[in-house]
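Colleague: The structure follows.
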Amino acid sequence: MIYEKVAEELISSSYTIAFTGAGISTASGIPDFRGPQGLWKKYSPELASIEYFEKDPKNFWGFYSLRMRGLFEAQPNKAHYSLAELEKMGIIKVIITQNIDGLHQKAGSKNVIELHGTMRRSYCVLCLRTYDSLNVLSMIEKGNLPPRCDCGGIIRPDVVLFGEPVKNIYEALSIAYESDLVISIGSSLTVYPANLIPQTVKERGGKLIILNMEETPLDSIADYVVREPVEISLPKILENVRQKILS
């Protein structure tokens, strides 16, 4: 059975990392981006670009505040909790995520690298003062659009917008360079340069496990591919790991 084999790989690995995408959070009510019901089927990606923020911050925040509210209301699902437990057991060393929802930390994960930033924090573009994004939402709900800092600068979410470089990519790639196993969870593996992380592990002689409902460009080089919702597959993997450790 594939879950037993994946569990064996995780246990025998000396340095496993998890690479997560939007698909791990869909069961939490957060739409992915490129799937059949994805966010970019309903909205133009331009709305989440640095160019649009600079050109029209008022309407940028009109879109982003709606998305932000949905992320704050979301709760971790079984996939997040299973990953946090695997980290607690020492199986997963680092979680590298493309997500900005903060659900890994909410589920109890400690060692998380956020490639695209976090929706939970915002900052002033002039003085760089940081804000809890919940407080920024309160400003917007009181009619302050776009939200402004005390210094007069416009506040923006601390996320990577289209047209901006990815955060922490070199740190993430250095970790991938040392890893002998990467488990990719809920990622389309189409977004560059983030998709270099699983590729780097494979190129260094490591193994790649893909958990994703849709096909990915890296399926052909993966050691295992599991086509099942990740909120189902990850708890099964966790249970198999527990059984093998206890036996």
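Heads up, the Cβ atoms here are built off N, Cα and C, so glycines get one too.
What Swiss-Prot records for this protein is below:
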ACT_SITE  HIS116  active site, proton acceptor
BINDING   ALA22, THR26, PHE33, ARG34, GLN98, ILE100, ASP101, HIS116, SER187, SER188, ASN212, VAL230  NAD(+) binding site
BINDING   PHE33, ILE100, ASP101  nicotinamide binding site
BINDING   CYS124, CYS127, CYS149, CYS151  Zn(2+) binding site
DOMAIN    1-244  domain 'Deacetylase sirtuin-type'
Colleague: Which of these binding-site residues has the least crowded Cβ, counting other Cβ atoms within 10 Å: ALA22, ILE100, CYS124, CYS151?
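Modeller: Selected from the binding-site residues ALA22, ILE100, CYS124, CYS151 on minimum Cβ neighbours within 10 Å: CYS151.
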Colleague: Between the residue listed as 'active site, proton acceptor' and GLN98 (NAD(+) binding site), what C-alpha distance do you get in Å?
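Modeller: Distance between the two Cα atoms comes out at 6 Å.
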Colleague: Inside 10 Å of the Cβ of CYS149 (Zn(2+) binding site), count up the other Cβ atoms and send me the figure.
Modeller: 19
Colleague: Just going by other Cβ atoms within 10 Å, which of the recorded positions ASP101, HIS116, CYS127 has the emptiest spot?
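Modeller: Relative to the other recorded positions in ASP101, HIS116, CYS127, CYS127 has the fewest Cβ atoms within 10 Å.
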Colleague: Nearest by CA distance to SER187 (NAD(+) binding site): which of the binding-site residues is it, out of ILE100, CYS124, CYS127, CYS149?
Modeller: ILE100
Colleague: Just counting, how many other CB atoms are there within 10 A of the CB of SER187 (NAD(+) binding site)?
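Modeller: Total other Cβ atoms inside 10 Å, all chains included: 28.
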Colleague: Compile a sequence-ordered list of residues in the same chain as GLN98 (NAD(+) binding site), six or more apart from it, whose Cβ lies below 8 A from its Cβ; state 'none' when nothing qualifies.
Modeller: THR20, GLY21, ALA22, LEU115, HIS116, SER187, VAL191, ALA194
Colleague: Do you know offhand how many angstrom separate ASP101 (NAD(+) binding site) and CYS149 (Zn(2+) binding site) by C-alpha?
Modeller: 23
Colleague: Within 10 Å of the Cβ of ASN212 (NAD(+) binding site), how many other Cβ atoms can you find? Include all protein chains, please.
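Modeller: Step by step: centre on the Cβ of ASN212 (NAD(+) binding site), count other Cβ atoms within 10 Å, giving 25.
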Colleague: What are the other residues, in sequence order, whose C-beta lies within 8 angstroms of the center of the C-beta atoms of CYS124, CYS127, CYS149, CYS151 at the Zn(2+) site?
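Modeller: Sorted by sequence, the hits are VAL125, LEU126, LEU128, ARG129, ARG148, ASP150, GLY152, GLY153, ILE155.
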Colleague: For the domain 'Deacetylase sirtuin-type' (1-244), report the average pLDDT of the model, please.
Modeller: 93
